[in-house]
């Protein structure tokens, strides 16, 4: 016999089979009245005789969609339960890379000065063989000297070293741009750790080539041009940009939106600690051992430790069901197109393109497009150029204040430590202060339990402490403030008349380091709000890495290099004013970003008023 029941206050867009919702609330259907057979026939004729309402089939209970990925629900839950039962060292955790990634940056930053000194010695020996005699007659003994290399002042040597650095950086940067999005998608389909294992292998090859050139360059095939080969190999696997993108995706897999910014800030803070202590480690290794190439062994050893953990210890963050869904979504059947996919790096950048907003009040009007993620990407593009100018800052300060390499190392250490301390202590404190608290709703567990928490009746369940609610608006505000502070600090750097003011302004600018973690968290939040799956974070971060790679490895060094060469004799501070203009452009795009609501919220707001207080007629088969 037909029965009726009131409809819920809000309606989902998906209707269940056998449940009809009347679109005419003005028709009086009294729920308390007895419905006889004739009335049932009239109701059936009223509902079905004219325009039948669309009834969608319910989804397969064995699968569900997450951001466009149809994942086997039963397999996913089984795999999650199996993962929870593992020992802690076999479960994915952000701690793995928060601890190990600084080792890689420690090794990379420790090689900055020794690598440049090695290239200079090799160029001197190559250009002036038989004319230039190094200290004690060997390249290695000349590297042992703490002062400048006598041949390094030669403009021809400087030009050749700069040319070699430009070639290697350009080759690696272009190849990274061509492949970084492919490897980001690869990490979605086959796992973050599997790609990172391949990436760190190329770093080991580069370290081995540097060590061989430092020990016996005359026996290395191709001489210093072997570095070009290893740089190309690094670029083919995405370079350091792809590795950082994969690590960011791993951290996102192991975190929720409320804690993601803090995890990213701790990760970047430890990265800056590695950058800060790296130059000191390099100098200490040379000073204690008296061996000019000992630091190459130390860097190789640190990368070997990192590689061993990635190869044999660190567990995968994605579940097999998630990777299988990503492979199906990308059409794994077309195996012959892997090469074209690998080099069509602009294709995945469509993830950053504006999309029509889901949900609209008037379906006859064109849907507005959501430009939030696009503006965010355009904001990161100019800011990425700033990192490409860093090597010219070092040239400026050594020429302006007559700093030695030792003083320059102290300067890098101060800036790196300031950034690290801010990201690990100051930035989390700012988030803790600004992120609002929300007390979770305590539902009654018995019929006589009141909804009012202030009632005299005690609740049957204990009250919970207020929880932190993730607010992307806070991330957006911090990102804007960080860029504004960065622009002010570069103006102070440009007008600095002494080394003390320069260092103080640089240290103040380090407090703008909150821009990077908030941008990572904000980009993922905007991506999920437009329907993207968090498990596909590798594609998002890969697309963002393309922008970063083009900016700080290709366009940035070329742009600021030309500016510095043209102005170094007359107005060397011009490079900092150009940086200010670039940062202001990033601020402009960032102020265009708006936080869109979730698609489900928009649908509920649109559909809710249309079906409020409308009865739901359920026809039983009995």
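Quick reminder: no glycine exception, Cβ is built from N, Cα and C everywhere.
Automatic, uncurated: that is what TrEMBL annotation is.
If you look up TrEMBL, you'll see 444-465 marked as region 'Disordered'.
Residues annotated as transmembrane segment in TrEMBL: 93-113 (among others). Long-range contacts of the transmembrane segment (93-113) within the same chain, counting only residues at least 6 positions beyond its ends with a Cβ under 8 Å from a Cβ of the stretch, are 200, 203, 207, 210, 240, 247, 250-251, 254-255, 263, 266-267, 270-271, 273-279, 281-283, 285, 295-296, 298-300, 302-303, 305-306, 309-310, 313-314, 405, 409, 412, 416.
Annotated transmembrane segment per TrEMBL: 164-183 (among others), in sequence order.
Long-range neighbours of the transmembrane segment (195-216) within the same chain, counting only residues 6 or more positions beyond its ends whose Cβ lies under 8 Å from a Cβ of the stretch, are 104, 107, 111, 114-115, 118, 122, 140, 143, 183, 186-187, 223-224, 226-227, 229-231, 233-234, 236-238, 242-243, 246-247, 250, 292-293, 296-297, 299-300, 303-304, 306-307, 310-311. Feature annotation from TrEMBL assigns transmembrane segment to 195-216 (among others).
If you look at the transmembrane segment (222-251), the same-chain residues 6 or more away from its ends with a CB under 8 A from one of its CBs are 92, 94, 96-98, 101, 108, 119, 122-123, 126, 164, 167-169, 171-176, 178-180, 182-184, 187-188, 192-193, 195-196, 198-200, 202-203, 205-206, 209-210, 212-213, 260, 263-264, 267, 317, 520, 537-538, 541-542, 544-545, 548-549, 553. As annotated by TrEMBL, transmembrane segment applies to 222-251 (among others).
According to TrEMBL, the feature transmembrane segment maps to 263-282 (among others).
Sequence annotations record features per position, and here TrEMBL assigns transmembrane segment to 294-315 (among others).
Under the heading transmembrane segment, TrEMBL lists 408-435 (among others).
If you look up TrEMBL, you'll see 477-495 (among others) marked as transmembrane segment.
Away from its own ends, the transmembrane segment (502-519) comes close to residues 261, 264-265, 267-268, 272, 376, 379-380, 383, 397, 401, 411, 414-415, 418-419, 422-423, 426-427, 430, 475-476, 478-479, 481-483, 485-486, 489-490, 492-493, 496 of its chain (Cβ-Cβ under 8 Å, at least six residues beyond either end). Taken from TrEMBL, the feature transmembrane segment covers 502-519 (among others).
Summarising the annotation, TrEMBL assigns transmembrane segment to 539-562 (among others).
The transmembrane segment annotation in TrEMBL covers 574-593 (among others). The list of residues near the transmembrane segment (574-593) in space but at least 6 beyond its ends in sequence, with Cβ under 8 angstroms from a Cβ of it, reads 371-372, 375-376, 378-383, 385-386, 389, 392-393, 396, 476, 479-480, 483-484, 486-487, 490-491, 493-494, 522, 526, 560, 563-564, 567.
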Contact call for the transmembrane segment (408-435) and the transmembrane segment (164-183): at least 3 Cβ pairs under 8 Å, seq gap 6+: no
